Structure formats: C-alpha cells, structure tokens
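Under the heading region 'Disordered', TrEMBL lists 1-20. Annotation source TrEMBL lists domain 'AB hydrolase-1' at 80-318. Annotation source TrEMBL lists active site at 155, 180, 307.
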C-alpha cells in the first residue's frame, strides 16, 4: 500500500494526477525519476514473469476455495519467501529474485485480493486472515518438514511476515527481513491514506500508460521492474473500457490499523534473526530505537531509493538478503556449521 504523501513532484509536461513522492515509509528526499517521453511507449511494454522466475504455481488450500498464485525460482539453498505490500503483487520481487536464484530458492506469492490469487473474500485483508493465508500456503507447499525459510515482507507484507513469525507455527523459520515499514510513522499516517489513494491516477487507456505513470507520477523508480510488476496490479474494466487497480485498497480501511498496531514489539519478540531494511534513517520509533541499540536486530539504510526498495534497487536489495543468509549461516535445511557454508559466501 503506497503510504501518504508529504510532498509533491510533478513531471514537466505530464498531465493528470500524480502520487506524491515522499511518504511516511520512504525517505524525505527521493532520487530523480528516470527520464520519460510520451512518444516512446515501447519503453513501457510489459515484460513477462518467465524472464525472472522459473515457475508460476497455483497453490490450492485444502478444504477451502482459496487458490494462491506463487512465483518460484532457484533450486538450491534456503527458501526466501517474499510478501509484497498492499496494491503490489508477487512480481514486485521479480528483479531481486533473478539476482538471488543461484544461491537461494525464491518464492513470491500474490497475497489475498492481489495479483492472480483468488479467495472466498478478496476484500478481507485483516492481518489475521493474511497471516493465516501465508501459513496455509507454506504448509501446502512444504508439508510438515519445510526447508529452511527466511520470510521477507515489504510494507503491509512486512507486517504479515512479522505476524507469521510471531505465531511460531512455521517449522524451520530462520530469518525475518522487514522492508521499509515502522509502526510509529505508519500509525500516525493512516489518517491521510484515503487522500493519497484518491489522488492516484485511477484509470489507464492501456497497460503501457499505467507502467509509464508508475514511474512518472507513481511509486516506482525502476522502469524494468515496473514493466514486470505493474500489469499484475491491474484489471480491465469492461464498462469503462480501460484499466484500473486489481485491489480496491480504499475499501479495506477498517483493516489498516490492525496491520501496524503493536508491530514494533511484535517484531522485537520474534525468535529468529532479524533485519530491517529502510529507505531513510528518520523513521525508527522508540521501541525500535531501543531494540536496535540493544542489538536485537540489524538495520540497513538503503540510499537513493523510494518506498519499494526491492523494485528500485533490486541488485542491492538481493545482496543484503544473501549477506543476511551467509552471516547467519542459513543453509537449505537450517543453520550450518562454518565449514559447510562456503558456497554462501559472496
């Protein structure tokens, strides 16, 4: 979910609404957007997921009508299980997955109400339901003896990852990576969320125009990533003969507070190795500041990126994940002794 704005940037010559660039989840100063030209729409042509992932799986949850879409790649190492933010999709991790697949197995699922996943209630984005969904998908994919798993969650997905880890129901969970979400600033900003959603461009005549908007007035900075991820966040509106958003986030307001309330203490209580990746330094709340000083988690600040770190700087993002795996000696089945982890060293 793209958070509320603090400032506005308008492209020269760009018409129509834009989403303001700064947010409570991203740095106050963001990098310049890539140069764009309206006459070169081929620059914004969609890219297929198969260039980044090996397989697209349909994970049917037993005894339910829920079928979750998941993209997978890689055949060795621990599982890096990725959870996207509100309004994004599993393809938000496409470029990063292609950077990690030689050293890890990457899974990026479409959460309920997003991408190609289908459920009995796509509007139920309560933290309890989202948490149950992820646990069900992991159990369906891996059974009672899963490989070593590292949970990675961006924004709303970061909250889900924390709640999954805190439940202590996933066997062989060895790491938690939370990407650009902090309870204090998130809770304070929720009052502005409907405004930012309303101020987004709402309809697009083509997928190419939606991709173009996403890097000119929207949340992304990386054109290649936008070409892969944006199409999966859209649906075609037959009545209006245009594209609009797959996920009606404005209809899920009653769940927003639950995503972030109590998140810092829950994060600190998770009994696994933890890292917090941030796009700016000014957003640690009191609980996290104390926890970081006490060495309860690692924190990395990534410069020159917007809120969607994994999309804007996928190589750097992937590097931090792989270093986290190596530093904590996480092998395909769990923590390994030093003599057996040389292949993880970069």
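Cβ atoms are placed via backbone N, Cα and C, with glycine included.
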For this session: Ten-angstrom check, please: count other Cβ atoms within 10 Å of the Cβ of residue 180 (active site), all chains counted.
Result: 28
Problem set entry | Other C-beta atoms that fall within 10 angstroms of the C-beta of residue 155 (active site) | 30
Exercise. At the Cα level, what's the spacing in Å between residue 155 (active site) and residue 180 (active site), rounded?
Worked result: 6
For this session: To the nearest whole angstrom, state the Cα distance for the pair residue 180 (active site) and residue 307 (active site).
Result: 7
Problem set entry | Per-residue pLDDT averaged over the domain 'AB hydrolase-1' (80-318), given as an integer | 96
